[in-house]
């Protein structure tokens, strides 16, 4: 409901991000027209297109997209995404999928950098064409930067200050936290603690201190207990 977005924009001074279904470019057009600061092409919503994502280069509003591995990340960047995030498994309070996705992206980057530094250009071309399915120019940019060419945030299952610090130490540029805060016993205190842990991710003493007396955490869900067809992170290509 656009009215809800207008109400939120009027109530806060921080940037407002709204979700559009994967491939639903008209939803994205509407969100851009009402002035959201960023659009999340999100697997949390039922996809509108099972084959194609939104051509994000056709918009002026920046997009964030989820990725489980380097191929998904680079394909979204090639489409125009300004930010990447792990897909995680939203609403579970279980960080295991976000960790898995970040490790996969890091391992993919390490392979690209390794091939490039060893002069194995033929392997890079094959990787770009057959595995990652992106133009060679993006691969070379990753090899040069030794990271993604856009910021990469963690999302999905982050519920504690230690979770946030874990993802930052793994190389994330920041974190998204939703239900891990709002479904906890004391959202305001937990939110502040997660912010502190994100800023001070390499200071375990401080993380331990801000983790005290946060109230009841969101109840975590074991990923193995979720039926295969209900997993959100598998949506998108």
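A Cβ is built for glycine as well, from the same backbone N, Cα and C atoms used for every other residue.
Summarising the annotation, Swiss-Prot assigns active site, schiff-base intermediate with D-ribose 5-phosphate to 19. For residue 19 (active site, schiff-base intermediate with D-ribose 5-phosphate), the number of other Cβ atoms no farther than 10 Å from its own Cβ, over all displayed protein chains, is 17.
Residues or ranges marked as D-ribose 5-phosphate binding site in Swiss-Prot (evidence: sequence analysis): 91, 157, 178, 179. The Cβ neighbour count for residue 178 (D-ribose 5-phosphate binding site), using a 10 Å radius over every protein chain in view, is 14. In the three-state DSSP classification, residue 178 (D-ribose 5-phosphate binding site) falls within coil.
A C-beta separation below 8 Å, combined with a sequence spacing of at least six in one chain, links residue 103 (D-glyceraldehyde 3-phosphate binding site) to 170. Positions annotated as D-glyceraldehyde 3-phosphate binding site by Swiss-Prot, on the basis of sequence analysis: 103.
According to DSSP, residue 19 (active site, schiff-base intermediate with D-ribose 5-phosphate) is assigned to a strand segment. If you measure from the Cα atom of residue 19 (active site, schiff-base intermediate with D-ribose 5-phosphate) to that of residue 157 (D-ribose 5-phosphate binding site), you get 18 Å.
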